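Engineer: Feature table excerpt (TrEMBL):
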type	residues	note
REGION	26-54	region 'Disordered'
COMPBIAS	38-49	compositional bias 'Polar residues'
DOMAIN	63-334	domain 'Homogentisate 1,2-dioxygenase N-terminal'
DOMAIN	336-489	domain 'Homogentisate 1,2-dioxygenase C-terminal'
ACT_SITE	HIS347	active site, proton acceptor
BINDING	HIS390, GLU396, HIS426	Fe cation binding site
BINDING	TYR405, HIS426	homogentisate binding site
Amino acid sequence: MLARRLLAQRALRASSARSALVLPATAAIHHPRPPSRRFQSSKSGSTATGGFVTTPEAKDPYKYQVGFGNRFASEAVPGTLPYAQNSPQKCKYDLYAEQMTGTSFVAPRAENQNAWLYRIRPAVAHQGFTRLPESPDLESNFLPINPKVHVSATQLAWRPFDFPAPGEKVDFIDGLKTLCGNGDPTLREGLAVHIYTANQSMENRAFCNNDGDMMILPNEGRLDIQTEFGNLMVRPGELVVIQRGMRFKVQLPDGPSRGYIQEIFGTHYELPELGPLGANGLANPRDFEHPLAKFDLDQSPWKICGKMFECSQEHTPFDVVAWHGNYVPYKYALEKFINVGSISKDHIDPSIFCVLTAKSKYHGTPLADFLIFSPRWDVASQTYRPPYYHRNAATEFMGLLYGNYGGRSDDFQPGGASFENGFVPHGVAYEEFKAASEMELKPERISEGTIAFMFESSFQFTLTDYAMKRTGKLHEHEPSMWDNLKGQFINHLDEVNADLRKAGMPELEQKK
């Protein structure tokens, strides 16, 4: 196995290392065909000069191609992509063709994911692997037979996780900590939930996860992520997905950063089905953004390292001049989510808040759903509006990206988290129940200025040693918040007995 857990790359710091030359990316694709006739001006209209790409902004200098599940193509040097084939005898500019497959070769066409990369040196050009020491705060095996994981029968929560101490240099890789998960990557089904805290850019260091796809959600500070396919700038309120086997590095343009990560083994994220909603709603495919090709001219020595293995190579991993395919990293701004809900009475199941889902091996049962709770109107009449008391088959892990989420009764803050395993009962405290039961019901805006999220899974999670013993932020939900949920039914025995008499049924007697 190339790497059982985490694979990363970093450059050896050599005083003689050359600085990288970066060429601008372009979405235009040019093939060596005979030139067409000169463009003729027309008074009847205008013709697009290329496919749609987004416009750079002050907080995000990059352009993106849009769509979900599309097959894209991008060239940093026009004319690089081979015409009508993937692996020519000799690639232009003496580049190397390299295919990356994200699914089985024989996966159905609609599910098959791959990409062709045309790069200066192939990834195979390295100098062997060396085993690395285990990281005590990272975990990949969540089976109960592992003595380093634990089971909780009650609700748990964590206050916001601390940033690295001043003077301590911690980058994205060093700042990874595992909280909980299910399964094991060797089983090709399961997931892990991590947090990261970092105050140092990775600079000439890079990272690759050979176990699963990673969904990264910054809570503080933007992430400038360079991948083999190009750059993505990701701010709090956006998600980014880096699929299994892709190399990337993380820079921190705003200083210290903190966030959440969900890693899934053996499957990929996809959009949930819309059913009666039709073609539009929830997360629209057009709002997902993919990078444009960008490469570095850097032949200085690099070193690959991670939880399990490291190796050296004499070139940057970010040397892809052109690529095409549908196995491509992407990002999505959660504020673009189209909320749906009840406009008469009662709640609709929380699946209406699903942004992305990942299938399990069981038909109709997801491995993981990613849900968000964002600003929206609540108009349901004659309805108890907070989350009702419930015991779900699903395990729930919640986090808060920004704002103030009213659906929790504990000390739930941005950068913190909460957790309930499957069928653990939960719901709001008595005070919130009483207020919601007596409030005047009228249309109101809820979750204004807020994005909370939930990692929901059909499987039970175990929790790591780090989560249970070393965060310094763990606290149990205080059971006394529900003490006043008394049996008020007893106060209505006279009314109940009157109704029983009308129905010809025996009356109730209260035991003394």
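A Cβ is built for glycine as well, from the same backbone N, Cα and C atoms used for every other residue.
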Engineer: Whole-number Å distance between the CA of HIS347 (active site, proton acceptor) and the CA of HIS426 (Fe cation binding site)?
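Structural biologist: Pair distance, Cα basis, whole Å: 16 Å.
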Engineer: If you average the pLDDT over the domain 'Homogentisate 1,2-dioxygenase N-terminal' (63-334), what number do you get?
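Structural biologist: Computed over the domain 'Homogentisate 1,2-dioxygenase N-terminal' (63-334), the mean pLDDT is 93 on the 0 to 100 scale.
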Engineer: What is the set of residues, excluding HIS390, GLU396, HIS426, whose C-beta falls within 8 angstroms of the centroid of the C-beta atoms at the Fe cation site?
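Structural biologist: Neighbours found: PRO387, ARG391, ASN392, GLU420, VAL424, PRO425, GLY427.
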Engineer: Expressed to the nearest Å, what is the distance separating GLU396 (Fe cation binding site) and TYR405 (homogentisate binding site) at their Cα atoms?
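Structural biologist: About 16 Å separates the two Cα atoms.
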Engineer: Looking only at C-alpha atoms, tell me how far HIS390 (Fe cation binding site) is from TYR405 (homogentisate binding site), rounded to the nearest Å.
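Structural biologist: The Cα atom of HIS390 (Fe cation binding site) is 18 Å away from the Cα atom of TYR405 (homogentisate binding site).
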Engineer: Which number gives the other C-beta atoms within 10 angstroms of the C-beta of GLU396 (Fe cation binding site), all protein chains shown included?
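Structural biologist: The answer is 22 other Cβ atoms.
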Engineer: Report, in whole Å, the straight Cα-to-Cα distance of TYR405 (homogentisate binding site) from HIS426 (Fe cation binding site).
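Structural biologist: That comes out at 16 Å between the alpha carbons.
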Engineer: With every protein chain in view, what's the tally of Cβ atoms within 10 Å of the Cβ of TYR405 (homogentisate binding site), excluding that atom itself?
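Structural biologist: Around the Cβ of TYR405 (homogentisate binding site), 21 other Cβ atoms lie within 10 Å.
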